[in-house]
Amino acid sequence: MSLELYNTTKRVIPEEKLERVIRHVIEAEGFVPDVVVAVFCGDRLIQRINREHLGHDYATDTITFRYNSGREIEGEFYVSLDVIDKNSRRFKTGFENELFRVAIHSALHLAGYDDSGDEARAGMKKREDRYLSQLPSL
């Protein structure tokens with residue numbers, strides 16, 4: 001079981017708590033983080049990944065790749081701290097709250113949840129909110 005976090009930016013983030021939260025979400029959804037890599041980066045890297053792998057030439061908050069199926073998750077996700085910062089100011093949520101929301105969102109993608117379509121998006125948001133409410137105890 002391996003969960004690795006990498007911060008490619010100069011910004012300080014709560015890596016230990018992020019690791020606990022990501023692991024908690026994956027396990028609470030009935031999965032095991034066999035090999036999971038979380039990369040916290042800037043706009044330039046996530047835009048390049050978005051362009052090369054998804055054909056979208058813009059920065060986004062997160063991109064998730066799942067490499068297998070079954071209960072043991074092998075995958076990775078990228079989170080743009082630049083987009084997190086912009087969105088936290090735009091939605092007046094605070095940087096850390098937005099960071100944890102997107103990390104939870106990414107973990108849910110690894111667990112197989114999709115957010116394409118209104119109903120799926122609403123279901124994912126409900127799960128995100130539930131896990132966000134658990135943050136103080138994690």
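Each Cβ is built from the backbone N, Cα and C atoms, and glycine gets one as well.
Record features (Swiss-Prot):
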- H105, H109, D115: Zn(2+) binding site (BINDING)
* Asked: Can you name the residues of this chain that are 6 or more positions from D115 (Zn(2+) binding site) yet have a C-beta less than 8 Å from its C-beta?
  -> H105, H109, R121, M124
* **C-beta crowding around H105 (Zn(2+) binding site), within 10 angstroms** => 22
* **Near-site residues: Zn(2+), ref H105, H109, D115, CB cutoff 8 A to centroid** => T62, T64, S106, L108, Y113, D114, M124
* Sort D115 (Zn(2+) binding site) into helix, strand or coil using the DSSP assignment. => coil
